[in-house]
Structure formats: structure tokens, C-alpha cells
Amino acid sequence: MTMAKTLVAFAFLGFAMAAFSCLPGPVTSTAFAEVVAAKETCVTASCHPGMGKARFVHGPVAVGECTGCHKPVGKHKFEPILDAGKQCEECHEGLRTMKVVHKPVQEAKCTKCHDPHQSGYKFQLRAEGSELCFLCHRKAIAGGKYLHGPLGTGSCNSCHAAHQSGFPKLLSAAGNDVCFSCHTDKAESFKNSKFMHSPVREACVNCHSPHSSDFRFTLTAAGSQDLCYTCHQGKAKEIPADTVPHLALATDRKCLACHDPHVSDNPRQLLKQPMELCMSCHNREYNGATGKIANMKPILANNSDLHGPIKEKDCSGCHNPHGSNNFRILRESFPQLFYAPYAPDNYKLCFMCHQKTIAAEEYTTTLTGFRNGEQNLHFVHVNKSVKGRTCRACHDAHATNNPKHVRDSVPFAKWNLPVGFKKSTNGGTCLPGCHQLFGYDRIAPVVNKPVAK
């Protein structure tokens, strides 16, 4: 063969190889040699020496099918065959079929997240984990002192779908179900509890930041109390204004000392049944700057005649558990001392349940059983302009072993003044430390010697 014929043969072979290198689609056995030639030409030749060498290589690049995505216009002047997004959808179908589509996908800008040729990261991503997301999304979402676990480990896809979703914000499930996919203990307790805090029912993110926060448990506000105040605005004004605070709110736990922020089997999200909750603290004596608080547990256990609210196991019938402007966090005004001038406003606490007229009418046959004939002995004791005997002079507000909550004795300065009450069929007798033996009878009035006023 002459030299000219040899050159023509090599030229024809080169043209054939170039032609086969432009064929789209997978490599076939008949075109294998030609594809290898194309790969040698496009991928590993002197123009693109690094192409295909990364850890993760796009499929067409890996098999040397450059023409699957590019069309030749001239030597080394390749263009995409279609628009970039449509080009990807030639192979990756169904990426824009759901309710919520990630913006780069919606705009057919797949290459914002993926390198079309190769990458050091899975799926040819341009960066790893959350760093990829931060190429668009502000790093400020991770700027808090406390990071949500998935964000802290760079696993945004634990909660969000990368391409599309049927739920807002590309979440991988509906609302709280995303949270429950990790917080399985909460999911179980939520299912089995009687009461659920309304913000929890709506969305965990009402109280917790799903990304990061400067507050523990990625709360959206500082401490439980400030967080609670964002909804409980009435309490936000009331509690700081109270002159007599409930000491439970002075602890580090604040609202959480009594309430569960998520679910409970007790009304008002209480940690325990109301009386049991109170007794979890008031089962010991307190001596504070403002006075002594008795250990209530033995008082209630060892006395059989219980005041109505105590019988109903509701301490909050008389006490405001959040705080008050009345001593002992009472809900309404009540005299602190043995003596007090009578005025209905002084006894607002008692009149929440009892009739105001019980101490206002001098004679009655219906208002009270504490009467001598028709003489109202509540009026006699309480209704005085100077030294009216207050309710606490005779009655214990919690429990006693005497009828009508009558005390055995009452503190009077440093002395425990005995009450000396004995009940009879139609009345009773009283021999306290403040007067001689007196009796009363509703049917046959007793004539008692007068006592100095």
C-alpha cells in the first residue's frame, strides 16, 4: 500500500471514531471501541485531564457519553442539548410533581446544588451536608448557642426533602410528625395523655426553633416564663405586679414547677392532681423572711372536718398559685389579724362562697345555725366598728376535728388562745380565753351574762 493510501485510511478511521463519539444513549457492544475512543478524546485527553477522576462521577461522564448532555457545534465548543433543567429531566423524571418544589428545582437550576460532571460528595453535590444548604440559606439559622441535633450534624435532610414535598417548607412529613420521627417518646406520651398544650397540638415550632437558639432546648424565648408570657399575656402583666409572689415561681423551673409544657393527665397541664401537686412542696415547714408556713400534710391527714375547697382537693379555691396582692397569696382580701373593724370588703375571700348577709343581719332564722334563738352570733362577733373578731378567730380555713371547722385554739400574739367549743343538739357552748362560758340554742335561747365590750 502506498503512503497516500495509508494516510487516507487513517483519516477515514478518525472520522468514523468521531462520528460514533457523538452517538447519544448507553454504550453498546457494537460501538464500544468507538465510545472508548470518544472517552479517550473528551475525558482524559490533554484538554480535560481531571474529568472523571473525582470520588463521585455523573453516570454519563463515567462511561464517556459526553454527547448524552452536550451537542458538538465545533471543535471543543460544546453546548447543552436542551435547557439545563429540561436536560436533567430527560433522565431524572418527576421532580416537579408535588405541592411544594424546592426553588432551584422549580427554576430548573439543578446545577445550583449538583455538579453535572463530578464531585467529592455523594450525588455530585457542590458541598457536603448543611454547607450545601448554606450556599443559599443564611448561616444565621445556625447562629444560636444551641443547635437542633440534625442541623448540628449537618443533616438538613432529616427534616427537609431536597427536591419536592407534599408539605410546607419541604418538610418530610406533616407538622409535628416530622418531630415525632425522632422524638418517639413524645409521640407516645402525646397519644396517651388526656390533655395537650394547645401550642403543641398546633406545632412544636410555636415554642422550639427547629434550627438553633440561644436558649436551652432551642426554645424561642429565654426561660420557660418568658416563653409562656408570649401567649399568656395576662399573666405577663399580673405576675410581676403581684406584691406577694408564689415561691414556686421563684425557682429556676418557674412555670415548669407546676405545669408540663407538652401533655398531662391533669387539667391545666398540671404535673400532678392539684392537691397532690401542692403537697409536693407543702409537706414540710417553711420559715421565711415573711413568716412561717406550716407543714400542711399532717394537718390535712389528721383532721376530719375539711373546709369545702380542701374537700374538693382544690387549694386554688382560696389561693392564687401565680401570686397575689393579698397575704398568703389569697385570691381576695381577708383580715390577717384576730381583730379587724367590719367592712364587707375585708372579707371578700369568704364572700366568694358565703353570703355577705351572714355578718350583716343582726337577727335571722335562715342565714346561719350559729344563733341564739334568732340572734345572729356571727353578727355579734364580727360586725363591730373597732374590735370585730375575724373569721380566723374561731375557724380554721383548712381542717379541724371540730364541726364547722372550729379551731381548738387560735394564735393570739405569742399565746395560743383556746376556743373551747362543744356542740350540742340545737347549739353549743364556748369557753375561749376571751370570755366566760357562753351557750347558745336555736330553739330555746340561752340567757348569758353580758360581757364587757
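Cβ from N, Cα, C; glycine included.
As the structure is a computational prediction, the values presented were derived from the model and not from experiment.
Sequence annotations record features per position, and here TrEMBL assigns domain 'Doubled CXXCH motif' to 58-95 (among others).
Per TrEMBL, domain 'Doubled CXXCH motif' is recorded for 102-140 (among others). Broken down by DSSP into helix, strand and coil, the domain 'Doubled CXXCH motif' (102-140) contains 16 helix, 4 strand, 19 coil.
Sequence-distant contacts of the domain 'Doubled CXXCH motif' (148-187) (same chain, six or more residues past either end, CB-CB distance under 8 Å): 95-102, 105, 113, 128-131, 133, 141-142, 200, 203-204, 208-212, 218, 262. Under the heading domain 'Doubled CXXCH motif', TrEMBL lists 148-187 (among others).
Same-chain residues lying 6 or more positions outside the domain 'Doubled CXXCH motif' (197-236) and placing a CB less than 8 Å from one of its CB atoms are 141-148, 151, 159, 175-176, 179, 190, 249, 253-256, 260-263, 269, 322. Marked as domain 'Doubled CXXCH motif' by TrEMBL: 197-236 (among others).
Sequence annotations record features per position, and here TrEMBL assigns domain 'Doubled CXXCH motif' to 250-284 (among others). Long-range contacts of the domain 'Doubled CXXCH motif' (250-284) within the same chain: residues 186, 189-190, 193-197, 200, 207, 223-225, 228, 293, 295-297, 300, 310, 313-316, 321, each at least 6 residues beyond the stretch ends and with a Cβ under 8 Å from a Cβ of the stretch.
The domain 'Doubled CXXCH motif' annotation in TrEMBL covers 307-357 (among others).
The signal peptide annotation in TrEMBL covers 1-21.
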